[in-house]
Amino acid sequence: MCDLPSEPLQYTAIDMQHRQLNRTIAIATGLLMCAVYVLYTFHACLLSGLHRSLRQSPSAQPAAGGTTLAPTTQLPHVRILGSLVRIVPLTVEDGATAGKRPPAAPLRLVSPAATNTTDGSPKYRFLRQQGLRPSRHLPDALIIGVKKSGTRALLEFVRLHPDVRAAGCEVHFFDRHYAKGLAWYRHHMPPTIEGQITMEKTPSYFITREAPRRVRHMNPATRLLVVVRDPVTRAISDYTQARSKKRDMKRFEELAFTNGSAGGVVDTSWGPVRIGVYARYLERWLEHFPPAQLLFVSGERLIADPAVEIGRVQDFLGLKRVVNEKHFYFNSTKGFPCLLKSEERSSPHCLGKTKGRNHPHIDGAAIDRLREFYRPFNQKFYHLTGINFGWP
């Protein structure tokens, strides 16, 4: 009986060692893949959480005694429906500076009431869908006057700019509702996003004695726009509007002169006449604001060439010249420029049936007498503004 060869036993041992090594490699590879998967999942969850936190919750707490915090990273910009928008988180606002917008701080602290908006325009529906919440702010600019000089036209024309948002009606805060406080005033402003200008128009501010001081108290950097026109034409337009509401009004001449005719003394106690002494009211505003913060718009040029005047307004507000002659057409029936499109309506339309209202016939002697009365006041107004409006 012979012995069996030993080589098969040696091959078997080597084969077992190979199997053990393969098993070890497989286990190590599996563990490594599990570790990579866990790390990937952790980082994905972390980034997702940070993204949700940026969009849904405050990213910073207000510092003691302050209302804004400077961002630690560069905030992204996106273009939305033609406007360049900075994506910023919104947080709760300190009551001491409610509604004010610090010019250099991209993080704004806004109360929940300020962000509660029902604005239904397509742009803001889009923003809400993207998780952005526009907020209400006190106005950056005011159209303070003058009544029956073209203030409504100016407001509607400048609102064509995508970076301008304005209160739709006259709020009368600085003359009638000042006691209700700035929070009440801010609630009547339209919602805006970073980079947009908030505006409001109330023509009676120009002649209200307390208004300059009150506006300065709200914000000494407020930009003021004043629309003016020939004071005689303005007085007749003012009278025409009043008579349309009260058919039994006396004739213009009876109200404008103390004895009821052009041969009498001009009655400066009558509102339509008194308002036309522009220099008297402007001096009050210049006591509280430097001339550089006031822009005087010609009511006559606003009708004759609206694009030129709106170009000046856009420059004054620091806006890119977006609104131009392509936005207007002239309605020969009304004798007034109309809009080819606006924020609310994409079809051509005019400002309303009350614009371009026909004036009643006024005796020529009465007009001449009023021009003579206003002439020295007009000259003083030209001197204060540095503009010769060329009124007769």
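Glycine is no exception: its Cβ is also placed from the backbone N, Cα and C atoms.
The transmembrane segment annotation in TrEMBL covers 25-47.
TrEMBL lists 139-379 with the feature domain 'Sulfotransferase'.
Per TrEMBL, 3'-phosphoadenylyl sulfate binding site is recorded for LYS148, SER149, GLY150, THR151, ARG152, ARG229, SER237, LYS355, GLY356, ARG357, ASN358, HIS359. Taking all protein chains in view, 18 other C-beta atoms sit within 10 angstroms of the C-beta of ARG152 (3'-phosphoadenylyl sulfate binding site).
Among the features that TrEMBL reports, active site, for sulfotransferase activity is placed at LYS148. A sphere of 10 angstroms centred on the C-beta of LYS148 (3'-phosphoadenylyl sulfate binding site) encloses 24 other C-beta atoms.
The Cβ of CYS338 (disulfide bond) has PHE328, TYR329, PHE330, ASN331, PRO348, HIS349, CYS350, LEU351 as same-chain neighbours under 8 Å, each 6 or more residues away in sequence. Residues or ranges marked as disulfide bond by TrEMBL: CYS338-CYS350.
In the shown protein chains, 20 other C-beta atoms lie within 10 A of the C-beta of SER237 (3'-phosphoadenylyl sulfate binding site). Taking the Cβ of ASN358 (3'-phosphoadenylyl sulfate binding site) as reference, residues of its chain lying under 8 Å away and at least six apart in sequence are, in sequence order, THR240.
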